[in-house]
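Asks: The structure under discussion is supplied below as structure tokens; questions concerning it will follow.
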Amino acid sequence: MEKISVAVRFRPPNLVAANTSPASSGGGGDREWRIDDTRVSLLHRAAGPITGASFAFDHVFDGAANNERIYGTVVRELIGAVVGGFNGTAFAYGQTSSGKTFTMNGSDADPGIIPRAVRDVFDTVRQADDREFLIRVSYMEIYNEEINDLLTLEGQKLKIHESLDRGVYVSGLREEIVNSAEQVFELLQLGEANRHFGETNMNMRSSRSHTIFRMVIESSGKDQTDGGDAIRVSVLNLVDLAGSERIIKTGAEGVRLNEGKYINKSLMILGNVINKLSENGKQRGHIPYRDSKLTRILQPALGGNAKTSIICTAAPEEIHIEETRGTLQFASRAKCVSNCAQVNEILTDAALLKRQKLEIEELRKKLQGSHSEGLEQVVLKLRNDMHKSELERDRLAMELEDERKLRMTLEQHLTEQQKLEAISSDHFTDSIQLDLLKTPDSKSVPDGFVACRSRYSQDVEFSPIPENLDNIAEEDLWTRLNKGCVTDLDMLEMTPNLKRESSFLQEKSSAAPLEEPTNAICQRLAKECIYDQQQLEESKARCANLEKDCDVLRDENLSLQQELSESKLEADSLVAEKQAQLDDLRMRCVALERDLSSSRQEAHRLATEKQELAGQLGTERQKMDELKQDIRVICGDLLQREGQLTSIYTKSKAIIESCKASQVATLL
């Protein structure tokens, strides 16, 4: 975005107007304008600065500034940008008789912006050795809201159209191709002769219409052999606006009054457009470009694709203070307008094909290069992480299920122990019942053999029991029964299988002798209950932690799946886009091949015609040689006859002379 460049120019004081104004009698008025480099302020001679009448701009020029200084400060940089491919617009705005036409056209001693810009364009073009240029010019006026072509008398009441390729343009406008500044000046003189001027009380030669001088500059590279470079097309608009006027001051009547109404209306719409463009984006609303043909034509220059410079002209006399203040307010609002200027390039089919080929090659290199490998590695890493998370989730789910089963077992065991504790807390008064609950004493049968097989033996394959068992179990017998395996009870206690441990505890509790005191049993059961409760709490805590880990892994898995799906969608969209581009390029290549084949056929036909013409030319040359030979023979005959005639003429002359001599002699 680039702000519009705004400059203010005060013309020298008009002594005639100063002498005729009532406020200036007696040595001048009470108010005057103070002009600095970038600021204009309204002062009261006695009270000092007036509040709300101070304005700041990019440049401010006083009455001593000439057109050369204004052009070099405001417009010269714009001309270089236009030759480089940017659109550019420069126009003068102000009240009538403030110096707009002099600023744009100038005089013979001090040329204005338009002639200086024309010469500068051609000088810049000649210095550009790497590009070829084609320049077209047109000149139009807007008179009473009707567009007239100033370069031809037939171009009256032209219409405005808009297209995607050309944008806003005037249909039927004559454009002349020019090669030098002198040709442009001749066309300007022709246009000025057809322009509408009139006399008012404020100006002897007042502009009664808005004029737009337009230069279209096309350029392409000189080394362009295959048509692969883009063509730059830029437009330079140099506008001389008619001045706003008051009927009281101009004394306009009849036709001049009607012209002034149209002028003031178009300038008012221009001010409305500038007001809308200077507002914030949210408050801007509709911009009334179409309300006037002037704003419609200048639409790209106002908030569009162009570099724009505005020169606001003002009168320093006190009688024109209100008009000058309005002009400065317009300039202040215009200074807030931003344009988005960019180089205008038109791509031919060959240039577009070349650029797209380069883009496809770059994308192909990226896909085949490290970027593709890195993307594949990222996708593989995401897949591996997702697989690991799934395995970890399954493992945690299994552990969670085991923990739940263990917790249920521990709760069941704890319930049974609580029941046993309740039973053991009762006082047994009947000794017979207590004796019945006791295990028989093994010491009462010293010679007997008791074999007590543990429940763990159910899971192991044992050797067959020997046929003859003695009363005493020897060590060899136990070795043979266990296949040489010695059971380590400590190892069995450290086995992590809690089911076996619970069964072992049940067996141990069931095998505990009833001879143990009731208090000891209660204490032991209480300890076991506390231990089981601790294990249950630990298992619950572990279950909660496992559930949290499972949720975290589930979330990570979902995020990884989402990232993977997004990467797949992005890769698919990229592949689809590039495939569409490749298909488009293939279609264009096919079309170009067809055009090439047709061009080759046309070239072959032209070559055939050339050969035929060459044969005809040889025949004609042969005929011409024969004619030349005949001419030579005829010339020889003519020379011979001429010699004969000369000799005859000499002889006849001699005969005549002799006859005359004989006649003279006879007379004598």
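Each position is counted from 1, following the chain as shown.
Note that Cβ sites are derived from N, Cα and C of the backbone, with glycine treated the same way.
OK, TrEMBL features for this one:
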DOMAIN    3-337  domain 'Kinesin motor'
BINDING   GLY94, GLN95, THR96, SER97, SER98, GLY99, LYS100, THR101  ATP binding site
COILED    536-630  coiled coil
Asks: The coiled coil (536-630): mean pLDDT?
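Replies: In the predicted model, the coiled coil (536-630) has a mean pLDDT of 80.
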Asks: Note down the number of other Cβ atoms within 10 Å of the Cβ of SER97 (ATP binding site), including every protein chain shown.
Replies: 23
Asks: With an 8 Å cut-off on Cβ-Cβ distance and a minimum sequence separation of at least 6, pull the same-chain contacts of GLY94 (ATP binding site), or say none.
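Replies: Looking at Cβ-Cβ distances below 8 Å from GLY94 (ATP binding site), excluding near sequence neighbours, one finds LYS100, LEU241, GLY243, SER244, CYS312, THR313, ALA314, THR327.
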Asks: Give me the long-range Cβ neighbours of GLN95 (ATP binding site): same chain, 6+ apart, Cβ under 8 Å, in sequence order.
Replies: GLY243, SER244, GLU245, THR313, ALA314, ALA315, HIS320, GLU323, THR324, GLY326, THR327
Asks: Within a 10 Å radius around the Cβ, which one of these binding-site residues has the most neighbouring Cβ atoms: THR96, SER98, THR101?
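Replies: Most Cβ neighbours within 10 Å: SER98.
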Asks: Restricting to the same chain and to sequence separations of six or more, state which residues have a Cβ under 8 Å from that of GLY99 (ATP binding site).
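Replies: Result: ARG9, ARG11, ALA92, THR313.
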